[in-house]
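What follows is a set of notes on a single structure, which appears directly below.
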Amino acid sequence: MASKTQVTLPKASGEAFNQKEFPFTNLVMEGGGAKGIAYVGAMKILEEAGIMKNIKRFAGTSAGAITAAMVAVGMTSEEILKEMSEVDMMKVVIDGGGPLPGVFKKVGMAFNVVCSSGANPGNRFLDWMGGILEKYLAKHKHKDLGKDVTFSQLYQAFGHELCIVAYNVEYAQETYFHVKTTPLMKVRDAVRMSMSIPVVFQPYELLGFKYMDGGLVANYPVYCYDGWWLSMEKGDTFQDRMGDKSDAEVKKMLSPENKKERFGGPDHERMETLGMLLFSEELDREQYEYVFQDRLKKLAEEDQAFKKRRPDTEAARAYLKAQAERDKFNHDAVAGFEESLMLLQKVNDVWKGSNEDNLRDNFMKAFQPGTFKATLSGFDNEKAFDALFPKFEGQHRTNQVVESIMTNFAVLQTFKHKVIGERQIQTPLQLYGSLLDFFGKNYSPSKKDVARTVGIDVDYVGTMDFDMAPEDMNFLMEQGASATIAFLKGYTDDQ
């Protein structure tokens with residue numbers, strides 16, 4: 001039965017900050033698939049705080065690119081929510097297999113993967129994105145631009161710079177679509193390229209090049225407006241910066257390894273950018289998530305209204321079930337490694353009480369047949385002995401393998417299960433989401449970046465959870481609002 005809950009903007013307000021001064025003129029959003037709805041709640045707070053009206057440069061990857069394009073054409077949080085809540089996003093993004101039911105549609109999508117390198121062509125999304133751009137351009141008296149508005153036209157009409165990041169397959173590096181780099185590129189084409197999740201979507205082909213999800217190489221391009229690469233200032237043209245360079249110097253400058261040469265700027269310039277990223281303690285960890293969690297914890301302690309409240313939805317229940325199974329698995333795994341350590345200690349004791357002549361006999365007497373089958377890949381005691389105390393021609397047996405397992409392997413695996421835990425992957429969409437989350441960590445924010453980043457805890461919602469309930473959408477937006485308020489409070493307190 002469909003939920004009767006309405007999708008609404010969060011009640012939390014950013015008006016308490018509208019008399020404060022903030023340096024932010026750039027807004028950059030991380031990719032995150034379905035989790036991107038959280039940005040709508042964050043936008044509401046920025047609007048009420050008086051910050052959005054000062055933003056002139058927008059950027060994003062994948063889901064962040066969608067939101068960035070929307071706000072770049074003047075859409076408000078309320079308008080973005082209206083457009084996203086009135087459609088079934090799963091049907092918008094998943095359009096492979098044709099108008100076929102059930103298993104036949106899946107067969108069609110599989111055929112697309114084999115023949116077109118992706119299950120979904122993304123044409124429905126392209127039409128949807130174009131329709132939204134056309135609608136809101138007309139609202140702002142730019143009917144002449146339409147769905148195929150280019151980066152240059154957007155800049156001329158609004159004075160807004162927009163940067164969309166995608167991965168160029170042929171060049172094997174990211175492309176920053178922007179009025180400076182690609183003035184005649186259609187905005188909706190660039191957004192479609194940026195959200196081309198591998199296998200899920202077919203690569204987008206244009207002018208002989210194939211493009212895929214920007215999250216593969218730059219999921220959080222918070223740096224994109226640092227430095228001179230996208231600067232529109234006089235003296236920062238590519239002619240000025242590269243015209244007198246040798247081919248070798250330009251090649252070095254353009255290589256991904258030397259990104260800092262293009263995107264390195266002074267601290268005061270860096271603080272003009274406000275970034276937003278999405279994280280989950282269980283599903284999508286961030287290096288500095290403890291900083292974001294501390295902000296949220298402090299806010300919730302000051303006002304209980306900001307305490308995270310997970311709704312009772314199918315997605316949330318599935319997450320809790322998986323979490324319980326994961327906790328049990330990790331608990332059992334830790335217990336298993338602790339038992340293995342005790343067993344290895346006994347093995348080591350046998351070593352200490354033996355010499356090379358009686359070591360094998362003492363080992364066989366000390367352990368019942370089959371003792372090591374559960375811990376050493378099904379080895380019987382003879383194979384276990386040879387593996388634990390290897391002997392090579394001209395050498396004596398040693399206990400180095402036993403000591404290494406005790407002090408390295410077993411300790412590392414125990415801590416992995418205690419601290420990190422395993423993430424259960426049971427469906428293809430979960431697999432794709434997990435891979436995208438992994439690739440998206442290729443650029444982790446630095447400690448300096450954290451100071452200009454709103455970290456949004458999306459909790460139980462995954463990258464590919466497009467088929468979410470209204471309560472899930474409301475939860476994400478509330479999380480976006482809370483994280484933004486927590487950031488602004490921390491920022492103003494530090495000034």
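Keep in mind that glycine also has a Cβ here, set from the backbone N, Cα and C atoms.
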Quick one: sort out which of 31-36, 265-270, 307-312, 445-450 is the motif 'GXGXXG' according to TrEMBL. 31-36
Here TrEMBL annotates motif 'GXSXG', and of 60-64, 95-99, 245-249, 325-329 the range meant is 60-64
Give the distance between the Cα atoms of Ser62 (active site, nucleophile) and Asp213 (active site, proton acceptor), rounded to the nearest whole Å. 6
Provide the number of Cβ atoms within 10 Å of the Cβ of Asp213 (active site, proton acceptor), excluding the reference atom itself. 28
Would you identify the secondary structure of Asp213 (active site, proton acceptor) according to DSSP, in three states? strand
So Ser62 (active site, nucleophile), by the Cβ count within 10 Å over all chains shown, scores 30
Roughly where does the domain 'PNPLA' (27-226) sit in mean pLDDT, to the nearest integer? 86
